[in-house]
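Q: A single structure is presented below for examination.
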């Protein structure tokens, strides 16, 4: 790559300038490098999150045949694995599984081997971690030979595993029919089907799904068909994918085409809103991404909007992005989330991190690509503003965790038994983004770095990759160092959007409310969502505020915020709670009665419990619990009643009737607690939910 030339320190938001080290990337040549080629030596691969012996086999293909039973909330059927042993002496097949999977039988067949009937196999299920088990299958030594295909068929039934989310009709948007969806990231799909549950293994797959009348099934597949007479859906994914990217949703779903290779799916009551919000934008974003990073490899780019029970914001399932319907309220957040999932088509889906310890390769690169796309489509100021919001959140989390917390490492070394999902945080996204931005800066030309990424993606498509493909100076410091990113990009191009926000914050941060005349120069009704979010986030950082300042803030803005989206409202309501501002407490109640998604409920409940409003939180919980998914209900009970953490998919939590005579808290806090503030300015969990507003 080209020699690096130091740029001036940012005029606005760059907290650190790049060290004047004269750094070069190790691979410095006239052509962009695509990392090690297919014939290059491979690093020893260990995935501590997988119990399987995936290194002993090549998985060529697998087939799922399932019947969905909404009445008993079960999927039953079988899985067929086409495997080729890669070494001699393999006497067992070990798959990742889960206690929620009921294995009925397993058999083996060697195609073309003269075997007439499948051979029944013995197996055992062993404990592995709290997020899975190992399925150990004894193989017939006479049939298993290196290089020879063997088919393993597993008959099984799913119950209530972490990958499968059954929603009763009252938990759907339309409240007319039940719905089920799966969420495999990162190690959940072992409760969907036995598998090599590691991103290092990719294969094609097919599926047959039988459903009741009136149910539409979608999967993350490149082709599909439907037999109305038999109520059978057929799917085929012709491109190799890792297990966590196999996804299914079934319910009352309809679609509208919004482009030549994209359509929007949703429940009927949501469809027109979703189509209006997206319009023809998806094809535009795809075109911009292709100009930057090369052809989109997956054919279809469909989007399905799921009910508020969807546990994350969005998931980059190939050909079919899952996204929470709650985000439709905010056009700007919707734009960012969809573009981020599109970026995963190149970074994460086509080229995948080999282990979950290297998750930044997916999320850091996708975040960088997302911002390249928004820069080309909407200009650098917009991208800088969005980036400042996220980097502010990163530094906010660092203040809570401390600069020496190992969670802040870009690449965290997993211990056996640690669930990779628990270590997915802002550092994965934003510190990863800063590292990729640093490499782009070293390259000296953002267009040349685009070309590097384009060639790298083309070379490694449908494979996995290691961090070593980005070897450069200061590499270990970036990977293993705790604390903030050593470098952050210059964001001064967003000064015209960010400057007024900081000016308004400065006015409100004095001990007295600002002069009303001074406020008239700031018209928040003309601000973008990201500007208002940045303003509220920075005011949250300075909570608690004097009571008269909160009164003035409420008088000035609360009515405006009532008419804006949930991303704005939740931040204002967190200010209300953290400042024990009782006059606006009815707004907190109304918000939690309306919103039942994890990303909007958990942060507010955390703040209510941390302060003096726990009784309010308990009351709201009892009033709304019937509309909460059981998993979220368990989480909130743990927050409210300080119960020990339990398995997400343990026994259902009973619904406790709410009191009909619950008292209303006073409009002002008791004198003894008037100055009491939350124990912290928020919790790590709340920050992660509110600020990691992108894919899993």
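Each residue's number is its place along the chain shown, starting with 1.
Any Cβ shown, glycine's included, is placed from N, Cα and C.
From TrEMBL, for reference:
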REGION    20-42  region 'Disordered'
BINDING   340, 344, 363  Zn(2+) binding site
ACT_SITE  341  active site, proton acceptor
ACT_SITE  429  active site, proton donor
DOMAIN    496-640  domain 'Peptidase M1 leukotriene A4 hydrolase/aminopeptidase C-terminal'
REGION    648-682  region 'Disordered'
COMPBIAS  651-682  compositional bias 'Low complexity'
Q: Across all protein chains in the structure, which of the recorded positions 341, 363 has the highest Cβ count within 10 Å?
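A: The largest 10 Å Cβ neighbour count belongs to 363.
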Q: Have a look around residue 429 (active site, proton donor) and count the other CB atoms within 10 A of its CB, chains all included.
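A: Neighbour count, Cβ to Cβ under the 10 Å cut-off: 28.
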Q: Provide, as an integer number of angstrom, the distance between the C-alpha atoms of the residue listed as 'active site, proton acceptor' and residue 363 (Zn(2+) binding site).
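A: The residue listed as 'active site, proton acceptor' and residue 363 (Zn(2+) binding site) have their Cα atoms 10 Å apart.
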Q: Please report the number of other Cβ atoms within 10 Å of the Cβ of residue 344 (Zn(2+) binding site).
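A: That number is 26.
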Q: Using C-alpha atoms only, work out the spacing between residue 429 (active site, proton donor) and residue 363 (Zn(2+) binding site) and round it to an integer in Å.
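A: The Cα atom of residue 429 (active site, proton donor) is 5 Å away from the Cα atom of residue 363 (Zn(2+) binding site).
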Q: Hey, what's the Cβ neighbour count for residue 340 (Zn(2+) binding site) at 10 Å?
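A: Around the Cβ of residue 340 (Zn(2+) binding site), 26 other Cβ atoms lie within 10 Å.
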Q: Please work out the helix, strand and coil residue numbers for the domain 'Peptidase M1 leukotriene A4 hydrolase/aminopeptidase C-terminal' (496-640) from the DSSP assignment.
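A: DSSP composition of the domain 'Peptidase M1 leukotriene A4 hydrolase/aminopeptidase C-terminal' (496-640): 112 helix, 0 strand, 33 coil.
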Q: What average pLDDT does the predicted model assign to the domain 'Peptidase M1 leukotriene A4 hydrolase/aminopeptidase C-terminal' (496-640)?
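A: Mean pLDDT, the domain 'Peptidase M1 leukotriene A4 hydrolase/aminopeptidase C-terminal' (496-640): 95.
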